[in-house]
């Protein structure tokens with residue numbers, strides 16, 4: 001059958017049909033190769049040059065990376081990322097999982113409650129940052145509210161405290177992302193085989209115990225995805241810092257994304273900015289590659 | 001079975017669960033309530049009252065002032081968002097169609113390369129992209145931002161459609177091909193009519209992403225071409241003059257309303273997009 005088809009003369013229509021899919025995909029392939037990989041390579045090259053306000057392709061070896069590592073502000077930004085990322089991921093997970101488990105108890109008006117938990121995710125980080133900057137305003141925000149409500153000794157001035165300002169970023173980011181993590185886990189919980197829970201109940205296990213010992217461990221893939229997504233959000237966090245603190249006081253709340261922006265575009269340190277961007281890419285890869293690897297392996301084992 | 005469990009745990013633990021859930025509802029709502037209350041207060045009211053005190057006079061002056069400051073930028077955001085959302089969704093649909101039903105040698109590799117784009121930290125492409133826009137004469141224009149959003153939105157839009165189309169049975173397309181239907185005919189007559197849900201998901205995802213974008217906006221635009229997020233940030237973080245918190249909050253509400261509205265109207269698709277984009281990505 002096939003051989004006769006092959007002998008038939010190929011009409012122009014058929015030939016066109018064979019090329020159409022490639023033609024349709026070609027612009028996107030070009031865009032991805034140039035705009036994604038080509039540009040990464042370009043930035044990589046820039047990080048080895050002496051570029052300052054303008055690109056300058058004089059080879060500088062590892063000098064920009066060396067300058068970066070000798071820069072106190074970069075270390076502050078990196079350390080902040082660890083603190084911010086760690087707290088943000090940890091707290092968001094705990095809140096997200098807790099709310100999901102609570103919501104999974106056949107709650108009336110569940111849809112309404114879910115909608116409320118998730119709405120911050122629809123907002124821009126700039127809006128979130130603006131709102132929380134006001135809420136955390138020392139003297140006028142929650143600081144004053146709780147004193148007005150009778151908690152005389154209450155002080156909340158983290159926003160202007162270089163040692164605690166990072167926690168402000170954590171609070172706002174958790175508020176924005178925890179509903180999303182809740183939704184992910186709720187979807188996961190809905191997929192759990194109910195017969196396992198029933199069997200455990202018949203064995204006399206209490207509901208919290210069943211969740212802790214049986215249900216949550218079975219959601220391990222959701223945990224992985226959630227951690228990866230949150231880590232990814234943390235590394236890319238830029239808008240929130242810009243809106244809430246602009247990196248201040250001083251540069252005490254800087255994050256790498258903010259560092260990259262201000263050195264590249266405000267301070268005319270293109271080479272060093274590129275180096276910091278490449279290190280951010282490295283951080284993302286360090287998270288993504290193991291994740292994709294385990295995903296692919298899991299698929300192969302299916 | 002359900003009723004059995006229900007009866008056993010009805011009581012204190014049930015009440016505790018509802019109490020916790022409601023407490024969380026209040027916590028999530030506080031920032032929105034505070035924004036709204038503050039935006040309708042007078043500056044005097046703001047300095048004498050507190051975050052949750054009811055305005056002694058309800059005034060729209062904050063909103064009027066905020067709109068006067070940001071209205072041009074609001075339209076910029078619309079000028080950027082609408083074409084970028086439509087174009088990136090259309091291209092994503094075609095890409096997804098090819099990648100799921102017209103695979104060829106190398107198309108899978110391309111899909112893999114594209115997937116990485118979902119994770120790409122944009123910091124690694126900002127400089128080359130700004131050089132390119134400069135060369136094209138599109139630096140600091142809304143057109144330039146439209147192009148940037150289309151290019152870097154492709155990864156997600158393609159992913160959405162590809163994953164959706166992969167689950168459509170091959171037989172459908174094969175039968176149409178045997179009948180002599182071509183590439184675009186099959187797409188228009190068979191695939192598109194089945195695509196409404198994923199088109200909604202994609203449109204809403206892209207709308208939220210592009211409307212809320214700040215990084216591209218702040219890097220690739222200046223002055224008159226800035227989107228609303230950048231304008232809001234400039235307004236809130238200027239150190240000159242007396243801080244008018246009612247104006248700040250009204251401006252934040254204006255910047256947030258379009259995406260909030262979409263979320264309220266089409267929340268189902270929004271959530272689906274989040275989970276599809278996130279989990280599969």
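Any Cβ shown, glycine's included, is placed from N, Cα and C.
Features reported for this protein in TrEMBL:
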type	residues	note
DOMAIN	A:78-293	domain 'ABC transmembrane type-1'
TRANSMEM	A:23-45	transmembrane segment
TRANSMEM	A:81-103	transmembrane segment
TRANSMEM	A:115-135	transmembrane segment
TRANSMEM	A:164-189	transmembrane segment
TRANSMEM	A:210-235	transmembrane segment
TRANSMEM	A:270-293	transmembrane segment
Requested in this report: Could you tell me what the rest of the chain brings near the transmembrane segment (A:23-45), counting residues at least six beyond its ends with Cβ under 8 Å?
Outcome: 57, 274, 277-278, 281
Query - Tertiary contacts of the transmembrane segment (A:81-103), as residues 6+ beyond its ends and Cβ separation under 8 Å - result: 110, 113-114, 117, 166-167, 169-170, 173-174, 177-186, 188-189, 211, 216, 223, 226-227, 230-231, 233-235, 237, 255-256
Query - Leading contact stretch, A:164-189, A:210-235, A:270-293 vs the transmembrane segment (A:115-135) - CB distance under 8 Å - result: A:164-189
